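The next block holds one structure in the form of structure tokens; read it before the comments.
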Amino acid sequence: MCGKAFALQSNLTTHDRMHTGEKPFVCETFGKAFVCQSSLVHHEKVHSGEKPFVCEICGKAFSLRTHLKSHINVHTGEKPFMCEICGKAFPRRGLLIIHERVHSGEKPFVCDICGKPFSSKTNLKSHIMVHTGEKPFVCETCGIAFSTRGVLTRHERVHTGEKPFVCETCGKGFSLRTNLKSHIRVHTGEKPFVCETCGKAFATRLTLIRHESVHTGEKEFVCEICGKAFSRRSILTEHVKVHTTEKPFVCETCGKAFSISRYLKSHINKVHTGEKPFVCDTCGKAFYTEGDLIRHERVHTEQKPFVCEICGKAFVCQSSLIDHEKVHSGEKPFVCEICGKAFSLRTHLKSHIMVHTGETPFVCETCGKAFSTRSALTRHEKVHSGEKPFVCETCGKAFARQSTLIRHERVHTGEKPFVCETCGKAFSTPGVLTRHERVHTGEKPFVCGTCGKAFSARGYLHKHGRVHTGEKPFCL
């Protein structure tokens, strides 16, 4: 059938049953059938609970001698079975055989329900549970059930904090071998996963899959609460927590809770460890998260993959596009409890609240000037560094902030995308529109702390302050 050769007739007979599906050896307890008698004998120990083979190093017990031998290789690191094609080594012959099917393309194990083929029996067993919904492996700590023992073992590391896979370069530990492999590429710079559409390379397959949705525009995962669609299930899962306010990820150092695990990781790096493991290959700048690095790299490549379907404006990251779309929809879900003013973004609301509180927690280390937001501090720091990375292609003028460049470019294009709903007057920036709207609303949010007089713009308040201070900054 497949041309594979064997030294013994009995081995050929057993192998043939893989093609015919014959399983003559049946468990009397559970009714499960097997290709060969030795597999039945091994299986019966599942019911008896017998584990006569004990590891002398750590005391772990096994039902089969072969399982013990394989386990011992965990302690010794021995991998005696090597692939002749690619040189990859394995601690067990069975793992080598499964691996060789990667090269041969052989998938002898076929699902009886949907016909999908698999290279290993364990993969087929796991797949069948998709149809049956069976999850026999239960975590003793939290009660969550899993379809395979391997997934349960990986899950248990969430509770134990075990990170057995350690990077030899920097010593960082990981709970999963795949995470270690991805991390090693930070040091080697390897990016083996290439987008067939644009040729961009990525360090992980998952990052490539996420990137490919930029080209397809596919958004198959829809929120049942608000109807918003997403390209990935993980993003939908994160989004749903906006509605539930659930925050299951808690920082062990300070107790702060987060709705998403990567927010917790980012918090730990920024606040407690200060670690910035993701480094830009072009300019050497380091970042707390891989996502921050990916977004930064687009500054060098000028890639803007997220495009507004209404006006065609392109953005470096998806969050910026989502924020921009609210300009068209007029959506302002975040409302100030003090004055009732509404904002399209939560960050804008937080910054606005500081107008009332006067809080300026972000201080420049060079000159001591304080700011109400971190982004305002970052922009200010470029005054000292003189950095102006954003250059106008029309006139060559350089700017410290991308937003300033965008506003400047409207001098050349004459674009005024922000329109007053009351009188129809158009403006080139949202800030100017906001100040203009106060003409209609009569709003005066900037109040003098000395005499209580209110003003519609911060600049007017600053000028008024000189009445009290006697300051006269403009001299002949």
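Each residue, glycine too, has its Cβ placed from N, Cα and C.
What TrEMBL says about a protein is an automatic prediction, not a curated fact.
Listed in TrEMBL:
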- 1-24: domain 'C2H2-type' (DOMAIN)
- 25-52: domain 'C2H2-type' (DOMAIN)
- 81-108: domain 'C2H2-type' (DOMAIN)
- 137-164: domain 'C2H2-type' (DOMAIN)
- 165-192: domain 'C2H2-type' (DOMAIN)
- 193-220: domain 'C2H2-type' (DOMAIN)
- 221-248: domain 'C2H2-type' (DOMAIN)
- 249-277: domain 'C2H2-type' (DOMAIN)
- 334-361: domain 'C2H2-type' (DOMAIN)
- 362-389: domain 'C2H2-type' (DOMAIN)
- 390-417: domain 'C2H2-type' (DOMAIN)
- 418-445: domain 'C2H2-type' (DOMAIN)
The domain 'C2H2-type' (1-24): DSSP-derived helix, strand, coil residue counts: 12 helix, 0 strand, 12 coil
Spatial neighbours of the domain 'C2H2-type' (249-277) far in sequence, C-beta under 8 Å, 6+ residues away: 172, 186, 238, 241-242, 286-289, 291
Counts of helix, strand and coil residues, the domain 'C2H2-type' (165-192), according to DSSP: 12 helix, 4 strand, 12 coil
Stretch-averaged pLDDT - the domain 'C2H2-type' (418-445): 85
The domain 'C2H2-type' (249-277) - residue tally per DSSP class, helix then strand then coil: 13 helix, 4 strand, 12 coil
